[in-house]
Amino acid sequence: MANSKMAFLAFLAVSFLCGLVSATYKVGVGRADITGPPVEINFMGYANIKQVGRGIHTRVFARAFVVEDEKGNRVAFVSADAGMMGYGLKREVIKRLQARYGNIYHNDNVAISGTHTHGAPGGFLMHLLYDISILGFVPQTFEVMAQGLYLCIKRATDNLVDGRILLSKTTVLNVNINRSPSSYLRNPAEERAQYEHDTDKTLTQLRFVDLENNLLGAFNWYAVHATSMNNTNRLVTSDNVGYAALLLEKEYNPNKMPGKGKFVGAFCSSNLGDVSPNIMGPKCSISGNECDLLTSRCPTGEGDCFASGPGKDMFESTQILGQRLADAALGLLNEQSQESTAREVTGDVRFIHQFVDMPNYNGSTYNPLSRKVDKIRGCQPAMGYSFAAGTTDGPGAFSFEQGTTTDNPMWNFVRDFIAAPTQEDIKCHEPKPILLATGRATFPYEWQPKIVSDQLLKIGDVIIAAVPCEFTTMAGRRLRNQIRAAASAVGGIDTEVIIAGLTNIYTSYTVTPEEYQAQRYEAASTIFGPHTHSIYMDVFERLTKAMMRNETVDAGPSPPYMNDVMLSLNTGVLFDGHPINTDFGYVKSQPNKEYGINETVKVTYISGNPRNNLFTEKTYFTIERKINEDRWKVAYTDASWETKMVWHRTNTILGFSEMDIYWDISPQTLPGEYRIRHSGEYKYILGGKYPYEGLTHSFTVKED
């Protein structure tokens, strides 16, 4: 009998250990097009009212993975090529998912993160401060994003198979720099000594495979702003991380057009708050001298202060950095590579979520430096003076400087005309001088969120912390350490913590309390005051412990429903017209008869307004290669890196417009006979929309 008991216990022990070594999940990945109106709508990111879309360089996509454990616990994570995420948008996605799947998906187990591209159409956030430079809410942007976000999760769900998840990491050194190094230096020296760099250089990858080890997808997190494309860009772009995703997907979806194919590869945002891709550093535009370290200003006559990337222009910089990120991810996926350090993810799936009313949050936190318990509280949302100064990725307007800790009577007068802060607000935010008292502004509706979304997704021994803002480098490091320690203390397991930035709702930035004192751009944009980061540390520690204990928490107060109060100054398309003796689709400028490698093809069509039809999951044009006498094959689309689509009005009163299509012929281009086809819709002056098509004559691409 004793031997039987020992054998049974041994069997249980072996079974437990085997469970740690290998775990079977249901895994699925999906992708969908979320490209909004590419023309006449401002882009979201730089808050530059002049940055109005004029066409497409690359389409933007949403990419999802779904994981379910053996008990049926399920989570969904989405990385969207968008500036950030809004709660109204997430709520609409959940509504559509529940109409299809019932309560399988809900607010607690779905996380939607933005890559932070600054080159996609805005107007979807439903808070005035974030939509004001877009001239308000844009229903067309909102709808295409809501449907695409829903579709990518649906496709991941429909693709669920038994599979495994592997985690791996690598160091990528030549992609990011800290754009506020003087703020970073405010953090304690003993803390900084624990890290080699002032930005996170680790790329973390989750690889999804089926039980035959066939690769399904790979999601990569790396801390870098998607701002290789600067605020002069007018073409829809997924920027550096989006290009990296296109390269990764091209590798594992051979002979497929961008955005097509079963393999899904994503590069997701992390604690990128103070992290720039413009690795050549900030310089004065005229003199070439370095900018002032504290204020990021240049002396009179030396030009503006801005940073640049490693390429000769923003397109090449985007390409270079995207390639470096893709190469790092490919190295991890190549099992024969020295970079491959993959280990299997094991354990159950859990999730937890809570809405937190930040201005009314009161708590306490232990300060390891002073070894005392500090009281913490939130403030009404407010933006500081340095917010208006912009960053070295995109300088602001007027004479504002980063690092400003004093106010100005003139700007205070302007501020108070909009909404005046109370004396309590002013004291609460010190040393930030308040430029916009957004928490007190209510006309025509809420300017910034007061209620935030805090969420954790646990997939085995990996925890994804979904944060509603842009954490700086050290702010993210502290949060990761806090969550890891809490999970270890309660669950007794060592976890890998991933920060997913700009998730579920957007509330600008979060810096450490020390960085807050410097009041550079990121600190001025930390909207809930100097204790913002401490509150998040408190909340996420509590949520981690509750999740590890399988406890439920109070849902918290829901953000307000604002769909019915949205305003917009954007007009729709009135009508389209064309010059006499032409028609829509007429090729005004034909290609040359012959081109060589590294040359650019340009053609021009008489066109309708692209806002008439977004051609979602389709394309405004195709570049086709002749296969034989009866067959042409699509070689490139408007989602391809090698192409650009530029639209412009030629007569506003008569509704005339033209479409320029550019194709850069790369060394990888096959020689042969090509032609370009443009598809569109025009809006008739008496009503209705009608399709049209135009086709160039054929031309030859010579062998190199």
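Each residue, glycine too, has its Cβ placed from N, Cα and C.
Quantities reported herein were computed from a predicted structural model and do not represent experimental measurements.
The signal peptide annotation in Swiss-Prot covers 1-23.
Positions annotated as N-linked glycosylation site by Swiss-Prot: N230 (among others). Sequence-distant neighbours of N230 (N-linked glycosylation site) (same chain, six or more apart, CB under 8 Å from its CB) are F306, M314, D393, G394, listed in sequence order.
When secondary structure is read from DSSP and collapsed to three states, S276 (active site, nucleophile) falls in the strand class. The annotation active site, nucleophile is assigned in Swiss-Prot to S276 on the grounds of similarity to another entry.
N362 (N-linked glycosylation site) falls within a strand segment according to DSSP. Remark: N362 (N-linked glycosylation site) has K375, I376, R377, G378 as non-local neighbours, by Cβ distance under 8 Å and separation of at least 6 in sequence. The N-linked glycosylation site annotation in Swiss-Prot covers N362 (among others).
The Cβ of N550 (N-linked glycosylation site) lies under 8 Å from the Cβ of R350, each on the same chain and at least six residues away in sequence. The DSSP secondary structure for N550 (N-linked glycosylation site) is coil. The N-linked glycosylation site annotation in Swiss-Prot covers N550 (among others) and is backed by sequence analysis.
Residue density at N598 (N-linked glycosylation site): 11 other Cβ atoms are found within 10 A of its Cβ, drawing on all protein chains shown. Taken from Swiss-Prot, the feature N-linked glycosylation site applies to N598 (among others), supported by sequence analysis.
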Which residues, sitting 6 or more apart from S276 (active site, nucleophile) on the same chain, put a CB under 8 Å from its CB?
N176, I177, N178, R179, V224, H225, T227, A307, T391, T392, D393
